[in-house]
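Down below is the structure, laid out as structure tokens.
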Amino acid sequence: MAYGLLNGKRGIISGALDENSIAWKVALKAKEEGAIFTLTNAPIAMRMGAIKELAEQCNAEIIPADATSVEDIENLFTKSTDILGGKLDFVLHSIGMSPNVRKGKAYTDLNYDWFKQSIDISALSFHKMMQTAYKQDAMNEWGSIVALTYMAAQRTFPFYGDMADAKSVLESIARSFGYQYGKYRNVRVNTISQSPTPTKAGSGIGGFDKFFDFADKTAPLGNATADQCADYVITLFSDLTRMVTMQNLFHDGGFSMTGISEDVMALINKE
Ligand SMILES: NC(=O)c1ccc[n+]([C@@H]2O[C@H](COP(=O)([O-])OP(=O)(O)OC[C@H]3O[C@@H](n4cnc5c(N)ncnc54)[C@H](O)[C@@H]3O)[C@@H](O)[C@H]2O)c1
């Protein structure tokens, strides 16, 4: 059911790779709620083709941009405001990748060139997007910028590798830029810390299936799905959350506040 929460709003949605992507679900819901937007992803993701289906469904243009390239991001914001006919009301950063995690490098044996890439792709890209929007004055007053993160920024999950460090930087950037953008244009900046979700990025983490089940059995509400995450993102883009900024918001069915659950204890008792 649609509520018209984003009627008349314009935005940019990054990170829709395939129909499992969190950004894919956000795009479908943003369209349903009345928004117009552009879609973006790394040029290499374009070749996989699926984003074109989404663009057709959403009547949205695709602007390829490598999120580590300031030049690409400048082009993304300039073209988006041109195509959409004015300044933006929302931006979704839904981008993450660690070559160390992807190639199975242990945290005690990191390749530092890859580590820099993890930080650049997964965290600095968020700063680059906001700095570009700020310099171009591309956001409307009371706009909303959201990035997706994971709880490994606060607590250690051994298999999450250097992505944990990247997410810590990402969340810190949300606070630091949130202050600046709040003062400048009343624009709010938040991160959503989502449950484990079966997507390309999620499933690339070692032991994902077991960890997914553990989180699901720990959280009193169970794991939040990608669809539910998209609902939450839409509320943050809407005018109903105008005074929420610089926050890391857990969207995890209560996992982050639960020590242990009866369901997990039952599993341990079996052994
Ligand atoms: N899946 C999970 O369990 C989970 C949990 C919490 C947070 N998140 C976060 O949600 C976000 C979206 O991930 P997802 O789970 O939907 O997976 P996904 O694989 O569908 O999305 C990740 C996206 O990042 C894009 N990307 C990678 N490198 C890029 C670059 N250089 N430039 C531009 N785009 C680039 C990919 O093309 C892809 O579209 C990520 O930040 C991820 O860390 C995921």
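Backbone N, Cα and C atoms are what each Cβ position is placed from, and that goes for glycine too.
Of the residues proposed, Ile83, Ile95, Ile234, the one TrEMBL records at the same NAD(+) site as Gly15, Ser21, Ile22, Lys167 is Ile95.
Under 6 Å, Cβ to nearest atom of ligand 1: this is the test, and of the recorded positions Ile95, Tyr160, Lys167 it is passed by Ile95. Annotation for Gly15 (NAD(+) binding site): same-chain Cβ neighbours under 8 Å, separated by at least 6 residues, are Ser21, Ile22, Ala23, Asn41, Leu92, His93, Ser94, Ile95, Leu148. Each residue contributes its Cα atom, and for Tyr160 (active site, proton acceptor) and Tyr150 (active site, proton acceptor) these two points are 10 Å apart.
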